[in-house]
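K.L.:
Input: one structure, supplied below.
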Amino acid sequence: MKMFKSLSLLPRIVSPFQKCYSTDLISLVGIPRVKITKGQNRYLLVNIHTHGFTKYGRVIVRGADVDNHLTVFDSILEELEPQGICAKILGGGRILNEADSKKIKIYGTSRTFGSADHTRTRNILHSWTTYKDFKITVKN
């Protein structure tokens, strides 16, 4: 009988951990995988994760028409830090987004963060519904 009483305490012990992990994962899923503007962008390929849980990350693409990749990185931090999400830059480059003709060209490298895996970036863009029908070319 004592064993059943101790087992009845199990949900009380597990519940706080379950809530903690599930809310962290929900906050990751709520972040859009792609944010780029029309025209020429400097972009970063970023692995995001909740603090302490690097194993359960997600790769996102962020780009903007700015002077350098550090400005893109600063905007990423402004977006993610209030939610307690950490970012690790995997590399960068440029994206030419011709939305009218449904073409995207991924090329170049970031002097600050090194070159991103452009093929991986292309796959992420293709998985996003906005860019599913676009012709995406990669130039290394």
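Quick reminder: no glycine exception, Cβ is built from N, Cα and C everywhere.
Not my notes, these are from Swiss-Prot:
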| type | residues | note |
| --- | --- | --- |
| BINDING | Arg42, Ser110, Arg111, Thr112 | substrate binding site |
| ACT_SITE | His69 | active site, proton acceptor |
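Set these features in their place in the structure for me.
P.N.:
Remark: Ser110 (substrate binding site) has Arg42, Leu44, His69, Gly91, Gly92, Gly93, Ala116 as non-local neighbours, by Cβ distance under 8 Å and separation of at least 6 in sequence.
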K.L.:
Among residues Arg42, Ser110, Arg111, Thr112 annotated as binding substrate, what is the maximum Cα-Cα distance? Answer in Å.
P.N.:
12
K.L.:
Can you give me the residues near the recorded substrate site, meaning same chain, not Arg42, Ser110, Arg111, Thr112 themselves, Cβ no more than 8 Å from the center of the site's Cβ atoms?
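P.N.:
Other same-chain residues near the substrate site: Asn68, His69, Leu70, Gly92, Thr109, Phe113.
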